[in-house]
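J.: Got these off Swiss-Prot a minute ago, pasting:
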- His18, His64, Asp133: Cu(2+) binding site (BINDING)
- 180-210: compositional bias 'Low complexity' (COMPBIAS)
- Cys39-Cys139: disulfide bond (DISULFID)
- Cys108-Cys155: disulfide bond (DISULFID)
- Asn157: N-linked glycosylation site (CARBOHYD)
- Asn183: N-linked glycosylation site (CARBOHYD)
- Asn238: GPI-anchor amidated asparagine (LIPID)
- 174-210: region 'Disordered' (REGION)
- 1-17: signal peptide (SIGNAL)
Amino acid sequence: MQLSALALATLLATANAHFTVYYPGWRGDSHPTQTQGPCGGLNKIGERFKVNGKSVDVLLKTSHTSAITEYRLCLGDDCGTKSGSDGQKDFSKVLYGPINELGAGNFCMPGLPLGDLKDGQKGTIQVIMQAVDGNLYNCIDFEVDNSVDAFNAVCKNSTGVSAEAISNANAGSLAENTQGSGNSSGHAHGSSGSGSASASKTDSKSSAASGSASATSAAASSAASSAAASASATEEKNSGSLAYVNGALAIGGVVAAALLI
């Protein structure tokens, strides 16, 4: 039996896809080399986007139907300028994850916590997505400007896009396989999902939030369960994105229960 051209194209786009950082922006177009860590094969600092020093919304566009996703941080002027494991050493701090991102389209991580950074501080956020085609990498170079709003209205999920916590996840697992060489030019650039940031509700299938590796505890798990139950009861009344942020349940970009900072 032969596959139709449409079916084959769909299969390739699903099996070998990439992701883009819509907001605040990425180091550069990494599609040809996105399998190369730590920054998708881009070893030169790009445009530094202005972000609030406490938290930042991150909006991704992905064509994967499922991808384990993790966010990491490096502070400094030259983060991620080396290839492979040498460059990955810069990103030792896990901001959030890993979580399981579900559905193709726009995926918003609201209120990604940066701590309490001061004006003028520079750094880079690394996003790793692990899907059927292996690890994919992108980096966000930034400079802190605390006059910038921490929340952005464009950061909303596409219809059908959601995220779920991963119980007992190893926050360092995605970074361990960072490659410094390789060529992903054979990957198809999938385009499924809405290109606009249309609002939708995000389901949460887990009552336990997967916070940063250094902030897991029985008390936090219990509190996260309570937050998830509360959110479930009011889900129909809320619109916008729903995601676990640093152990807290966030709806429409607003942290509902800040459990782990």
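Including glycine, each Cβ sits where the backbone N, Cα and C put it.
Can you tell me where each of these features sits in the structure?
T.: For His18 (Cu(2+) binding site), other Cβ atoms within 10 Å of its Cβ number 26.
A C-beta separation below 8 Å, combined with a sequence spacing of at least six in one chain, links Cys139 (disulfide bond) to Trp26, Arg27, Pro38, Cys39, Gly40, Leu42, Gly46, Cys79, Gly80, Thr124, Ile125, Gln126, Val127.
According to DSSP, Cys155 (disulfide bond) is assigned to coil rather than to any helix or strand.
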J.: If you count other Cβ atoms within 10 Å of each one's Cβ, which of the disulfide-bonded residues Cys39, Cys108, Cys155 has the most?
T.: Cys39
J.: Specify the count of other C-beta atoms within 10 Å of the C-beta of Asp133 (Cu(2+) binding site).
T.: 20
J.: Could you state the whole-number distance in Å separating the C-alpha atoms of Cys155 (disulfide bond) and His64 (Cu(2+) binding site)?
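T.: Their Cα atoms are separated by 18 Å.
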